[in-house]
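According to TrEMBL, the protein has these features:
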DOMAIN    28-274  domain 'Glycosyl hydrolase family 36 N-terminal'
BINDING   189, 356, 357, 433, 466, 467, 468, 469, 470, 516, 538  substrate binding site
ACT_SITE  468  active site, nucleophile
ACT_SITE  538  active site, proton donor
DOMAIN    638-714  domain 'Glycosyl hydrolase family 36 C-terminal'
Ligand code: DGJ
């Protein structure tokens, strides 16, 4: 396992426990040979090579980092403009390096190793001798995960200026004509995480963001699958970009039926000057291969992102149950109101109180004060510290909302620094939610935010921060950058954000950070590197959440998926669902409440108490276990999923029915991920008694689903190993 280099043949075999990836240098070009299930390494592997028709040009060659301009008419991975205005470059192989482990990417979030033995890295060095453009292709292969991480470093080693017009992180050519489909997450505000799947035909399928954020509309993820691929069967090739800004993923099928998938920073509205000696490092793409369907692909992402992308004190810790005051009070609260919610929370077993928007400046609505990060004494006469201490005394931790990347035109900060927002001189400044975006390319702006937050974190006992971001970037320009660098603004914004996040999370390691962008507008691996959890959607309706959470789990681990019980009628869609149903949906994620607990009846409070107690029992399994999706809310009236412990000794199944079905047919639910050799004791939410079944039986025959008479009903099965199945071992 690792990286096998056959210098003579120019062959590179990257091999993990279940996957191989092969590259060969052909006429100086790095050619993509194979990616899929594991191949044994042999001394002579040349016969594996894909035969390219004789005399065929670059258009027929499967490549690792293709160029444009010399006969390949598909989408290139990069394009550089030379000082003379020409755009032709030709990268040829000049050497390679291998190393143990995985190098960090300076200034960028990245998957990491804790021990060099976990992974190996190959660097293919390419050069355009005419311009001096040097390109390093980085590949990290993990030993025990079917994961390859790719990124690219472009360096100007020539004498003249270069201008990158495109610099993707990876490009993969699937050379064989093969029916393929693409699946990805699309959506909108309050409708994130829709699993979309469609066939790839000759032409392009493009998903992207031009918003300066990864976006609600498309998550920076795509998977190529075969028409047969399901949750548990068939091949899936996942591509997930560790980046929080404008991105693109383009799948292109050419006239020969070959498919090219390119992914990286969006080339639209992007250019980057490379003066002599300067370099550009792309973000990385995490590529996962699964031969056992989309479920296994997701679990590979979950394990990797949970343990080798997320960082910090909370990475492996069970996350606290919170109550957030946003949907409880919106902007209309005072200190006593907050404390009264926390008081009730304390009685019911809640661990963290989060004070959301509206505590600073003069913020009585969403039209002012962003940037003025000091408490509003009208609402909090004793200050933030006083409320936080009162809440701490009740036994709850205290958390606080910020929107640090924004500035309200109606703010002290804007009156003092009207040029601190992204803007284009002489042009209108487009407001969204009455706000503008701070120019995070500027050090002084980031320093101001760092100092403002630090002033609070050093005087108020803040244990949790919700870092919100509620609008996309417009008039993307910076007062600090020269004209030839204006097209760098969007990417520099993201780099500036990462620099600040690194500083602030390092300075306050005991704070649990949760990322948010009007819900899931920036639910991406880049943010997870700094903040191990994300507010999944502003839509808190439990029925809507079935789809949103199920879709989000295609890539992201449950520990990252914030899920709250909110009031009914639901504030987004007006739907009335039972507290039990809402609880079961939210307990399938990183759990909390977002309502006024003081308004609950005694009976409801009792149920909340039970839910909180139950979640404390199951959260280790839910947050750190393996997720098996059993029934998709995108395909019918029922949803189901289960969490299985690593040792397969324990599992928890949730199932949900949206609309009642009269005179319903008999239904059963086949479980997954259990050990067929073990016997399991099964406890159902509908019964006092337990029953014992073999793991094989539970996965092949399934469990009978109790009849549910009404709309929006749900239940669970708790599954626990009780010993080896000795009755029938044949
Ligand atoms: C958008 C977030 O997603 C909400 O949860 C809430 O924090 C509001 N912003 C506050 O303005």
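Cβ from N, Cα, C; glycine included.
Those TrEMBL annotations? Automatic predictions, nothing curated.
TrEMBL feature annotations superimposed on the structure.
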residue: 189; record: substrate binding site; Cβ contacts under 8 Å, 6 or more apart: 216, 518, 519, 521, 538
residue: 357; record: substrate binding site; Cβ contacts under 8 Å, 6 or more apart: 326, 330, 331, 363, 366, 401, 403, 468
residue: 466; record: substrate binding site; Cβ contacts under 8 Å, 6 or more apart: 324, 354, 356, 399, 400, 401, 402, 514, 516, 535
residue: 470; record: substrate binding site; Cβ contacts under 8 Å, 6 or more apart: 403, 406, 432, 433, 435, 517, 518, 521
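Within the model, the domain 'Glycosyl hydrolase family 36 C-terminal' (638-714) shows a mean pLDDT value of 97, rounded to a whole number. Farthest C-alpha pair in the substrate-binding residues 189, 356, 357, 433, 466, 467, 468, 469, 470, 516, 538: 19 Å apart. Summarised by DSSP class, the composition of the domain 'Glycosyl hydrolase family 36 C-terminal' (638-714) is 6 helix, 33 strand, 38 coil. For residue 538 (substrate binding site), the Cβ neighbour count at a 10 Å cut-off comes to 21, with all displayed protein chains included. Here the Cβ of residue 468 (substrate binding site) has 23 other Cβ atoms within 10 Å, regardless of which shown protein chain they belong to. Under DSSP, residue 466 (substrate binding site) is assigned to a strand (E or B) in the three-state scheme.
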